[in-house]
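S.K.: Below: one structure in structure tokens.
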Amino acid sequence: MTPRHLVLQMLARSRKKESFSGAILDDALTQAVGMSPVDKRLATHLFLGMIRREATLDAMMKPFSHRPLIEIQSEVRDLVRMGIYQIACMTQIPPHAAVYETVEIARAVNPRSLGFVNGVLRRITELVTDRKVYAPSEDALPMDDGHYRQLSRNLFPDPRRMPAEYLAEAFGWPFWLSRRRIAQLGWDSCLRQGFWFLTHPPLYLRVNRLKTTREAYMEMLTAANIAHEPATHPQAIRMIGGHNIRALPGYAEGLFAVQDESSIRVGSALSPKPGMRVLDLCAAPGGKTTHLAELMDNQGEIIACDIEADRLKSVSSLAERLGLACIQTQAIAKDGTPPDGPFDMALVDVPCSNTGVMGRRPELRNRLKPNELPHLVQLQTRLLEQAADRVKPGGVLVYSTCSIEPEEDGLLARAFPKLRPEWVIEADELTLPGRPSDGGYWARFRRQG
């Protein structure tokens, strides 16, 4: 199977909402036993890039289609999107090669579409130029390296008159989110986030402080000629370029865990001490849980919970690799009731809209709807209250999301003490997505008495 055929299969699965794109990709690449590493990288780039830029690819296809796109068979739309993405967004693939490869796939999977696929892609090769421009405009296609590629004709809405429409088509955001984000953060911030979300964020490692130091581990990376740099957090390292995580030095020995820097800051906000009893209410996949265990010097007890027992397997597996024995996993009861307290501290990393991590969750662009936010806030408030009920007086609770929506973040955090007057908010932090890391929010509360 070729990488492009594999991409079509993965896109079909994603369209059915079988899982997150990352899980679909991992499963497909695992099963593609005979595929070379180079072809796997191509499949990864195409699959994630096409999901991120679906709205943009459709905006480029639309002027050259004699039918509304909704009337075109989904497999044919994916074929054309694949060709457009290679021509317009992957400068390392010659346009004629992108056209040829896509037409050959069309010949194999849908011969009746040959004329349409070939015709649209030929027009796209005439549309795309090699000229770089550095400001948004109707003929400027954003590229993942931070500049724009000039088109031979106006294609997108005028960003000066219709900024939300431009973000939606040129950067591939949902229109409702584009309009909301401009009102919330302004145009310049939206452009920075737009470019950030066009590519997969960099890989961050959290050094296991119980087994090594950041300086010692960076020396190991340097000795192995692996590009990296220290991040802002004292346990974090930012990797440069793509890497096979399992092949990194010290993986089997548990010298590090993969965790974004914005996520590492959540554990530091809670800052549990050795010997404490800590509740982690939404623990899977375990990055924050294991960080708490390291901060506790592997002494004390962490009850790591999740509503799905299968998801807790990843927590146990990660804890075992890192050599952490103070973590006990526990599936939440069917009625949604967490384990009994009292606890010295609790972490509530709630299910959320994930709008701070759209680079890692590209399918959110097509799946997230504005009417979901009130339901999420209701769930988040309930989980926060459940955790609060189990923390003893004088104890600390940290609430966190990977969202940048005010309703899920600061507004909810400031409303909580009004519901529970015994709790006071001590600190909070909103991190906007963009260099150097993803976005998210945390708030630290203390129970009085």
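For all residues, glycine too, the Cβ spot is worked out from N, Cα and C.
Heads up, here are the entries from TrEMBL:
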DOMAIN    193-449  domain 'SAM-dependent MTase RsmB/NOP-type'
BINDING   Cys282, Ala283, Ala284, Pro285, Gly286, Gly287, Lys288, Asp306, Asp349  S-adenosyl-L-methionine binding site
ACT_SITE  Cys402  active site, nucleophile
S.K.: Given that the record lists Cys282, Ala283, Ala284, Pro285, Gly286, Gly287, Lys288, Asp306, Asp349 as binding S-adenosyl-L-methionine, what is the largest C-alpha to C-alpha distance among them, in Å?
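M.R.: Across Cys282, Ala283, Ala284, Pro285, Gly286, Gly287, Lys288, Asp306, Asp349, the widest Cα separation comes out at 14 Å.
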S.K.: Quick one: give me the count of other CB atoms within 10 A of the CB of Ala284 (S-adenosyl-L-methionine binding site).
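M.R.: Taking every protein chain into account, the count is 22.
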S.K.: If we count other C-beta atoms within 10 Å, could you say which of the recorded positions Cys282, Cys402 has the fewest?
M.R.: Cys282
S.K.: For the domain 'SAM-dependent MTase RsmB/NOP-type' (193-449), what's the model's average pLDDT?
M.R.: 95
S.K.: Let me check the 10 A CB neighbour count of Gly286 (S-adenosyl-L-methionine binding site). How many other CB atoms are there?
M.R.: 27
S.K.: Hey, how far is Ala284 (S-adenosyl-L-methionine binding site) from the residue listed as 'active site, nucleophile', Cα to Cα, in Å?
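M.R.: Cα-Cα distance, Ala284 (S-adenosyl-L-methionine binding site) to the residue listed as 'active site, nucleophile': 14 Å.
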S.K.: Sequence gap of 6 or more, Cβ distance under 8 Å: name the residues on the same chain that satisfy this around Lys288 (S-adenosyl-L-methionine binding site), in order along the sequence.
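M.R.: Looking at Cβ-Cβ distances below 8 Å from Lys288 (S-adenosyl-L-methionine binding site), excluding near sequence neighbours, one finds Gln259, Ser263, Val266, Gly267, Asp280, Leu347, Asp349, Ser400.
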S.K.: Express the distance between the Cα positions of Cys282 (S-adenosyl-L-methionine binding site) and Cys402 (active site, nucleophile) as a whole number of Å.
M.R.: 13
S.K.: Given the recorded S-adenosyl-L-methionine site (Cys282, Ala283, Ala284, Pro285, Gly286, Gly287, Lys288, Asp306, Asp349), which additional residues of the same chain have their Cβ within 8 Å of the Cβ centre, ordered by sequence?
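M.R.: Near the S-adenosyl-L-methionine site, the remaining chain residues are Asp280, Thr289, Ala304, Arg311, Val315.
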S.K.: So if I draw a 10 Å sphere around the Cβ of Asp349 (S-adenosyl-L-methionine binding site), how many other Cβ atoms end up inside it?
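M.R.: The answer is 24.
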S.K.: How far is it from Gly286 (S-adenosyl-L-methionine binding site) to Cys402 (active site, nucleophile), counting Cα to Cα, in Å?
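M.R.: Gly286 (S-adenosyl-L-methionine binding site) and Cys402 (active site, nucleophile) have their Cα atoms 15 Å apart.
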S.K.: State the three-class DSSP label for Lys288 (S-adenosyl-L-methionine binding site), counting H, G and I as helix, E and B as strand, and everything else as coil.
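M.R.: For Lys288 (S-adenosyl-L-methionine binding site) - judged by DSSP and reduced to three states - the answer is helix.
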